[in-house]
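Below is one structure; the comments refer to it alone.
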Amino acid sequence: MITIFEALERVRVIPVVTLERVEDAVPLARALITGGIRCMEVTFRTLVAAEAIAAIRQECADVLLGAGTVLTVEQAQQAQAAGAQFVVSPGFNPRVVAHCLGHGVPIIPGIASATEIERALEFGISVVKFFPAELLGGTAMMSALARPYTAVRFVPTGGIHLNNLAEYVAHPRVLACGGSWMVPAQSIAAGDFSQVTALSQQTLQIVGVM
């Protein structure tokens, strides 16, 4: 059986989803699947996150499903109980990291510096979220951080879109790229899930070239 990280590397992209309504969760997941992407990260930026994760887990069992913007141990517990298979956080919170590792939940903590990479390595973590990627200097900064830490893989997120995705995916130390360009909030709000499918297909065309 492959690990979560191996599965993410095969997918190459992680749609970062913020849902305002639980009823949008399953149609959105199905739109991504139709577009060829069987992975998504539901953020805890809204109160319906855990319920949305549970709905997707029940109706779309083959989706690789993560919980994002996990800031507290309580949210990590809610994510796991709802069926999330991995956790992503914007920063490095040692309590959240320790909880996830202690309960067998893969976690991708956010880092923005060499110091935070070293903290991750102290916990035995070698896959980190480079966030916010573009504001921190993009692939140039990521390359600079990668050089001293040869075992670390990155999930760059923040400011990535169709026009710069190829540059990130081509980077040898990138495991997968996270972003919301495939799942625009206005399309979800309007129930225009066909747009999500179209953007997913465009994304895979770019990833497939690499």
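Indices start at 1 and increase along the chain as displayed.
Quick reminder: no glycine exception, Cβ is built from N, Cα and C everywhere.
Annotated pyruvate binding in Swiss-Prot involves Thr69, Lys129 plus, out of the candidates Arg30, Arg38, Arg45, Arg95, the residue Arg45. Taking the mean position of the Cβ atoms of Arg45, Thr69, Lys129 as the pyruvate site, the remaining residues of that chain whose Cβ falls within 8 Å of it are Val16, Glu41, Thr43, Phe44, Gly68, Val70, Leu71, Val88, Ser89, Pro90, Gly110.
Under the DSSP three-state reduction, Thr157 (site 'Plays a major role in determining the stereoselectivity') is assigned to strand.
The Cβ of Thr157 (site 'Plays a major role in determining the stereoselectivity') lies under 8 Å from the Cβ of Ile14, Val16, Lys129, Phe130, Phe131, Pro132, Ala133, Cys177, Gly178, Gly179, each on the same chain and at least six residues away in sequence. Among Arg45, Thr69, Lys129, the residues given in the record as binding pyruvate, the maximal Cα to Cα distance rounds to 17 Å.
On its own chain, Glu41 (active site, proton acceptor) has Ile14, Pro15, Val16, Val17, Leu65, Gly66, Ala67, Gly68, Val88, Gly178 as residues at least 6 apart in sequence with a Cβ closer than 8 Å to its own Cβ. Summary for the recorded positions Arg45, Lys129: the Cβ-based neighbour count within 10 Å is maximal at Lys129.
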